[in-house]
Amino acid sequence: MICITGTPGVGKTTLAGILRERGLEVISLGELIRQKGFVLGRDPIRGYLEADIEAACSHLQEMEGLDVVEGHLSHLCRSCSMVIVLRLHPEVLRGRLEGRGYPEGKVLENLEAEALDVCTVEAFEIHGERVHEVDTTGRSPHEVADIITDIMNGSRVCPPGGVDFSGWLLG
């Protein structure tokens with residue numbers, strides 16, 4: 001099972017749709033959590049759903065024929081054979097999140113997470129060498145899907161550390 005993760009707005013769901021069109025069995029971790037009731041509650045301050053990641057990941061392991069799991073928490077599943085972290089320049093990400101109507105506080109929280117490599121760091125702490133990092137900035141969804149397909153087939157390697165948006169925080 002390959003897990004595709006990244007800050008909300010980087011293109012995971014769009015990419016998942018393309019991979020599905022290419023014949024892969026893809027599931028959204030967020031949808032699974034909501035549909036199967038793997039919800040522990042709601043964060044009282046930020047309003048986010050708190051997911052039972054262990055239960056959701058355990059359920060994923062039992063699913064047959066599953067190729068890809070996408071979601072901004074998917075890298076927390078220890079059973080991922082490979083993790084691909086999608087990255088996007090924070091200014092481009094800002095436009096997407098604002099376009100979705102995210103409140104300013106949520107936008108800023110996600111921009112900071114992207115600039116600080118939060119998903120990449122978390123993924124690397126759990127999965128080490130099995131983590132790849134892809135900068136989607138300026139690339140079409142189909143170009144990103146081609147890169148992901150190459151990574152999955154072993155013909156391309158995109159090790160973590162090659163994408164750095166930390167300077168955005170200082171600018």
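Placed from the backbone N, Cα and C atoms, the Cβ positions cover glycine too.
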>> Record says Gly9, Gly11, Lys12, Thr13, Thr14 bind ATP. Source is Swiss-Prot. Which of Arg46, Arg78, Arg100 does it list for that same site?
In response: Arg100
> Which stretch does Swiss-Prot mark as region 'LID', out of 99-109, 154-164?
Replying inline: 99-109
>> For Lys12, Arg100, listed as binding-site residues, tell me which one has the smallest number of other Cβ atoms within 10 Å.
In response: Arg100
> Which state, by DSSP, holds Gly9 (ATP binding site): helix, strand or coil?
Replying inline: coil
> By DSSP, what is the split of the region 'NMP' (28-51) into helix, strand and coil residues?
Replying inline: 8 helix, 8 strand, 8 coil
